[in-house]
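S.K.: The structure's right below; bear with me while I get my questions together.
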Amino acid sequence: MKPRIQKPWLALEIGNSRLHWGLFVDETLDYTWNTDYLPDSVIQQLGNGQPLDNFPAQIFTLPSPLPLVIASVVLSQTALWQSYPNVRVITLEDVPLKNTYPTLGIDRALALWGAGIKLGFPILVIDAGTALTFTGADSQQNLVGGAILPGLGLQFATLGEKTSQLPQLETQNFTSLPPRFALNTPEAIQSGVIYTLLAGIKDFMTAWWDLYPNSKVAIKGGDRTLLFNYLQTLYPELTARLIVEPNLIFWGIAAINEV
Ligand SMILES: Nc1ncnc2c1ncn2[C@@H]1O[C@H](COP(=O)(O)OP(=O)(O)O)[C@@H](O)[C@H]1O
Ligand SMILES: CC(C)(COP(=O)(O)O)[C@@H](O)C(=O)NCCC(=O)O
Ligand SMILES: [K+]
């Protein structure tokens, strides 16, 4: 039997805050990492196989240019990456999900598809990214629909930017839940944003389970761990049924790139 040549390739999810990278070998996701947006010159370097900071060194031992598969919700970023020598941009038409609407975010469609393929339909995906989104599909792989609201970081950023007296809070500094009825400004902001967001997530999960009892709910995105930990403290019975999985979009990309 001829030895099968393994094909490495890169998946890139372009979100509204940063880039999310996955190194695949055939259908297997080997390694993931995040970077900031990259300037044109660095995109050229990557295309030429030149080593880059913040990239795993193993990539630059592989034949370049590595095939690159992109899912992007940021048009200006998609445009920049068109100069990469071996690129495929995934669009909504590539995702076999039914009952979609034309402006549905490709990140939402792919995360939902990846989650459904691996964990089973019906499924609800919560993406705790720049925006926080809920996206659900039924047992027939139809989009049921969803909701979009400002994500955790964006809620704090907006309060800091659009008011005169409120400070800019950084979620990296958060540890445990704030007091519900706070007696200082930073904790009052935390209380308002966090308890309202958690109650909202609980409400959407409960409403989903009213429609599709026993179905799975998965959470992804940069704020997934913080939110999961908070939810666990407040609503432990809810988190027992919540799957934390950062790679749902990569699962979706892998499923589609095989076809
Ligand atoms: N190193 C980090 N850089 C940026 N955001 C981060 C980081 N770690 C956690 N976050 C949180 O992740 C959220 C953004 O989620 P992410 O899934 O990375 O965004 P997107 O996919 O929209 O680019 C922000 O609200 C922020 O609080
Ligand atoms: C809702 C989003 C901004 C989320 O983006 P993200 O926070 O992951 O960067 C993105 O999925 C998007 O631009 N959606 C288009 C509108 C829609 O899905 O209905
Ligand atoms: K996202």
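Note that Cβ sites are derived from N, Cα and C of the backbone, with glycine treated the same way.
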S.K.: Please pick, from THR130, THR133, THR135, THR158, the residue that TrEMBL records in the ATP site together with GLU13, ILE14, GLY15, ASN16, SER17, ARG18, LEU19, HIS20.
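M.R.: For the ATP site that includes GLU13, ILE14, GLY15, ASN16, SER17, ARG18, LEU19, HIS20, TrEMBL also lists THR130.
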S.K.: Cβ under 6 Å from an atom of ligand 2: which of these recorded positions qualify? The list is LEU19, TYR101, ILE106, ASP107, ARG108.
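M.R.: Only ASP107, ARG108 meet the Cβ criterion.
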S.K.: At the level of the C-alpha atoms, what whole-angstrom distance separates ILE106 (substrate binding site) and GLU13 (ATP binding site)?
M.R.: 10
S.K.: If you count other CB atoms within 10 A of each CB, which of SER17, THR130, THR185 wins among these binding-site residues?
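M.R.: Sorting the candidates by Cβ neighbours within 10 Å, the top entry is THR130.
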S.K.: Including all protein chains displayed, how many Cβ atoms other than that of ASP107 (active site, proton acceptor) lie within 10 Å of its Cβ?
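M.R.: The answer is 28.
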S.K.: In terms of Cα spacing, which of the binding-site residues GLU13, GLY15, SER17, TYR101, THR130 are within 10 angstroms of ASP107 (active site, proton acceptor)?
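M.R.: Qualifying among GLU13, GLY15, SER17, TYR101, THR130: GLU13, GLY15.
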S.K.: Given ILE106, ARG108, ASP127 as the binding-site residues, which ones have a Cβ positioned under 6 Å from some atom of ligand 3?
M.R.: ASP127
